[in-house]
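Pulled from TrEMBL, these are the features on record:
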- 193-208: compositional bias 'Polar residues' (COMPBIAS)
- 220-230: compositional bias 'Polar residues' (COMPBIAS)
- 24-151: domain 'YbaK/aminoacyl-tRNA synthetase-associated' (DOMAIN)
- 187-243: region 'Disordered' (REGION)
Amino acid sequence: MGYTKDQLLQRLQELQIDFVRHDHPVVLTVEEQAKYVGHLGGGLSKNLFLKDKKSRYYVVSALAATNVDLKVLSVRLGLGKGGLRMAPVEGLEEILQVPLGCVTPFALVNDSARNVTLLLDQGFKTQKCCYFHPLSNDVTISLSSGDLDKFLISIGKDPSYVDLEANPKVGKDQPPDLASHVTSVTPILIDQPENTATAKPSTSNDVPTENKPKVAAGKASSSKQSNNVPNVKEKSKNAAQPSINGADVGKFVDEIIDKASSLVLSEINEKSTEQQGEQLASSVSSALRKRLSLDLESLAMMFKNTAVTQGFLMGQAQSGRNCPP
């Protein structure tokens, strides 16, 4: 269970951080929020929760008027074009532990978000105060950027203010200017069930992080597997190498999607179908297949290419050892 709104506000008071609380109806957009606090002066914020191809998470907090180009930002972080996308709902719920519409730097107070990279708009420094939701979008608080820094430092985060609209050239002699901000740690959402390592080695630890919660959830009640991080690492070392060839990539992806779909549908049938009908199950299955297909196919192809390269290098090394002096 993550921090609540009241717990966060109490912590701010304990840190002697000056803030003003503004209660209002639930809002889901900056435009709706502006109706209640926009006339007070200061900088309204928009906050993005993002994820890269290595399952690392980012919170980008910017002034409402700042133009954030994700393709440019991805290159500046050293992730290449298209390296960033919006994080899945699973990550929002388990990493930040806040509902939709409540992403702000304050969500990093939860220990589960300790490895999330935070980028702040340097424009906040020019505002007399800045507005953020304190983990709940029925309240907005205003505070100075200096007090925001004080909070972030208290949770072990170094406030990183950058020009989010800059588009510097990146090349051989010009490395990505924001690469140093990227954390090297990948958050782990839910541990893999024990039987996945032996049943299908090619899928044991190869599914992207955002796909694991759904698979694990379907078997949690029967396997009673603990969320022990060392166990995940141990299984990674002992699992067999993926055996993927060019003809099997599509089949590999289909097998993963079919298993994920069946597990999700099983859970929905137990909890929700009686209330909402079969249409819900069909909709979730279709969305899951569409959402995972491209990511998993790219992952499978990556494993294939890596295996081919390693096999070539091993062959060269073996040939070298067999050559007479």
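Even glycines carry a Cβ here, placed using N, Cα and C.
The residues of the domain 'YbaK/aminoacyl-tRNA synthetase-associated' (24-151), classed with DSSP into helix (H, G, I), strand (E, B) and coil, number 46 helix, 33 strand, 49 coil. Mean pLDDT for the domain 'YbaK/aminoacyl-tRNA synthetase-associated' (24-151) in this predicted model: 96.
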